[in-house]
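Colleague: So TrEMBL says this about it:
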type: DOMAIN; residues: 28-372; note: domain 'Orn/DAP/Arg decarboxylase 2 C-terminal'
type: DOMAIN; residues: 34-271; note: domain 'Orn/DAP/Arg decarboxylase 2 N-terminal'
type: MOD_RES; residues: Lys54; note: N6-(pyridoxal phosphate)lysine
type: BINDING; residues: Gly223, Glu264, Pro265, Gly266, Arg267, Tyr374; note: pyridoxal 5'-phosphate binding site
type: BINDING; residues: Arg267, Arg303, Tyr307, Glu339, Tyr374; note: substrate binding site
type: ACT_SITE; residues: Cys338; note: active site, proton donor
Amino acid sequence: MPELINTTTSNLNIKNIQLLTKKYQSPFWVYDANIIRNKIKLLKQFDIIRFAQKACSNTHILKLMKKNNLKVDAVSLGEIERALFAGFKKNSNEIIFTADLFDEETLSKIIEYNIPVNAGSLDMLKQLGSISSGHHVWLRINPKFGYGHSKKTNTGGENSKHGIWDPRLALPIIKKYKLKLIGLHMHIGSGVNYEHLKKVCHAMVESVVQINKKIKFISAGGGLPIPYKFDEKPININKYFTLWDEARKKISQFLNKPIQLEIEPGRFLVAESGILVSQVRTIKKMGNKNFVLVDAGFNDLMRPTMYGSYHHISILPKDNREIEVNKTIDTVIGGPLCESGDIFTQEEGGNIQTRKLPSIKIGDYLIFHDTGAYGASMSSNYNTRPLIQEILIENNTFKVIRKRQTIKELLSLEE
Ligand SMILES: *Cc1c(COP(=O)(O)O)cnc(C)c1O
């Protein structure tokens, strides 16, 4: 039954969530480590799995990734420091910095830590090369077309700020500063369409031929989708791998040397491992519309407001009453923020939608599913709301992996 939470297949079951709601103040995030490990296994054909940590950058999640032999991508100095804190090594390719620009502080730390750079602009190469000759670099290439689940996640084409348009222009800079070019990278938005993917793989081969340098790695980037809705199918990893593997073989043949194939997923590894638990605090009618307001807002879970993303919502009744799943009400679900966009049931563009949900009572818990990716990591302090707890379930034990921030901590920055 779609409106009920899963009772059997994972640690994110009714019994565990009930226990957690007794112990912790809502709202809070919960992750199941087993789900992450199972997703990692699905990618074992790739030579290197590099976790795009921006999807879920908690250091305990990063440690779990490290334990499972993953490498990590960082897109800011903060993410580099997180990776180091979690045990990833400097002076190696365990951490790669991907960006379209450097700020000065980040640039100097990257040189100090000797972290390879996946450059999305020619200026980055110049700025790095002029003070760090010999530094290992990748080129992030814009293949001149894009794809994504929303305009905001499309990462290729003329309307994307990401990547280098003509990688041939990078060559004189690389030569001048004796940078070491080790890999080519293409991250083409979120979502997969296999016909489109073929084009991306072809563009990768073309770029290698164009540049004709003895690189070691190619990266397929991230963007592997997960089924957020019941009627969506999971991605066929074999098909995905096969297309990239064919590109790798062509490249290997052309350069006459082995090439390692990297993949760089964020969402795929963590989205399904996480839920957001919130409590219903107000139920009210606005004309004919039924509003249910919970204690979590878009400062906690940003995706519906930002992209019109769909998250499945289920109910955990506070009083253990039987939920009447066949009798549903068209319901709008919103949060506490002083902002009309604080609605979890909306389309891209902001049109309010309703969800068919069983009768809900004050005090019930609403669970937002598949929020392990771009959930906690996108949260903000808007409306002066402290960041909420993150809890990891591992071997049937609950571990608070991030404490709830206090208002005092927030205010202390302004002392
Ligand atoms: C965001 C990002 C990813 C991960 O994207 P997902 O859609 O979460 O898989 C991978 N690589 C780069 C460079 C990114 O910016």
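Heads up, the Cβ atoms here are built off N, Cα and C, so glycines get one too.
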Colleague: For the binding-site residues Arg267, Arg303, Tyr374, which residues place their CB under 6 A from an atom of ligand 1?
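Modeller: Among the binding-site residues listed, those whose Cβ sits under 6 Å from ligand 1 are Arg267.
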Colleague: Specify the secondary structure state of Tyr374 (pyridoxal 5'-phosphate binding site) as given by DSSP, simplified to three classes.
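Modeller: Where Tyr374 (pyridoxal 5'-phosphate binding site) sits, the three-state DSSP reduction gives coil.
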Colleague: Say we define neighbours as other CB atoms within 10 Å of the CB. Which of the recorded positions Lys54, Arg267, Arg303 has the fewest?
Modeller: Lys54
Colleague: What is the nearest of the recorded positions Gly223, Cys338, Glu339 to the residue listed as 'N6-(pyridoxal phosphate)lysine', using the Cα of each?
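Modeller: Comparing Cα positions, the closest of these recorded positions turns out to be Gly223.
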Colleague: Let me know the largest Cα to Cα distance in Å among the pyridoxal 5'-phosphate-binding residues Gly223, Glu264, Pro265, Gly266, Arg267, Tyr374, as an integer.
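Modeller: The pyridoxal 5'-phosphate-binding residues span at most 15 Å between Cα atoms.
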Colleague: Please find which two of Arg267, Arg303, Tyr307, Glu339, Tyr374 have the most distant C-alpha atoms, given that the record lists them as binding substrate, and give only that distance in angstrom, rounded to a whole number.
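Modeller: So the binding residues stretch over 27 Å, Cα to Cα.
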Colleague: Using DSSP, would you call Glu264 (pyridoxal 5'-phosphate binding site) helix, strand or coil?
Modeller: coil
Colleague: If you run the three-state DSSP split on Gly223 (pyridoxal 5'-phosphate binding site), which class comes out?
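Modeller: Reduced to three states, the DSSP call for Gly223 (pyridoxal 5'-phosphate binding site) is coil.
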Colleague: On a simple 10 Å Cβ count over all chains shown, which one of the binding-site residues Glu264, Glu339 is most densely packed?
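Modeller: Output for this query is Glu264.
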